[in-house]
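For reference, the structure is listed below as structure tokens.
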């Protein structure tokens, strides 16, 4: 059953999609061209794993030197590439990390939204909006859509992954076809950028 939405006076646009579907481009466009406050789940997730944080200590306790940044003593930083190699290849470990990080991210959103309560519209950029059950933070959900082949191409070009690695990372998220019926607006990012900009501008 779909999660209930936010029904307060503030309009909260949740921007989601698949990996490399173009969420960041849409979120930044809304922020820069329409002067809307932008809250980014990826930034909150990265902040959760800074050196010395409780989440970082939990990760280091679980994986030890396998994810410890070489050459650092105290506080120890996490080698994010090493951690990614673990969680993208093991569903159980990925679920463990998500259960650790998602509540931290949700709390950061709560604090930020309270600070922005006077703003009429806020944009929330949340890649795992449905997976993390965060759609209840949003009054509107916009899904940035493209084909799986385009996701692969963009991941390979952006992150230097192999085709197998790109497909593996895409498979860790809900497929876009599963997310489309849950969205209020599907933004087609399979063609020229100008197309989705026109689509957004017509409703903002």
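Every residue gets a Cβ built from N, Cα and C, even glycine.
These come from Swiss-Prot:
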type	residues	note
DOMAIN	12-204	domain 'DPCK'
BINDING	20, 21, 22, 23, 24, 25	ATP binding site
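A Cβ within 8 Å of the Cβ centre of 20, 21, 22, 23, 24, 25, the residues given for ATP, is found for these other residues of the same chain: 17, 26, 144, 154, 189.
In sequence order, 144, 189, 193 make up the list of same-chain residues 6 or more apart from residue 25 (ATP binding site) whose Cβ falls under 8 Å from its Cβ. In the three-state DSSP assignment, the secondary structure recorded for residue 24 (ATP binding site) is helix. Of all the binding-site residues listed here (21, 24), the one with the fewest other CB atoms within 10 A of its own CB is 24.
Residues within less than 8 Å, Cβ to Cβ, of residue 20 (ATP binding site) and separated from it by at least 6 positions along the same chain comprise 150, 151, 152, 154, 155, 158, 170. Summarising the environment of residue 22 (ATP binding site), the number of other Cβ atoms within 10 Å of its Cβ, over all protein chains shown, is 23. Restricting the average to the domain 'DPCK' (12-204) gives a pLDDT of 94.
In sequence order, 15, 16, 17, 125, 127, 144 make up the list of same-chain residues 6 or more apart from residue 23 (ATP binding site) whose Cβ falls under 8 Å from its Cβ.
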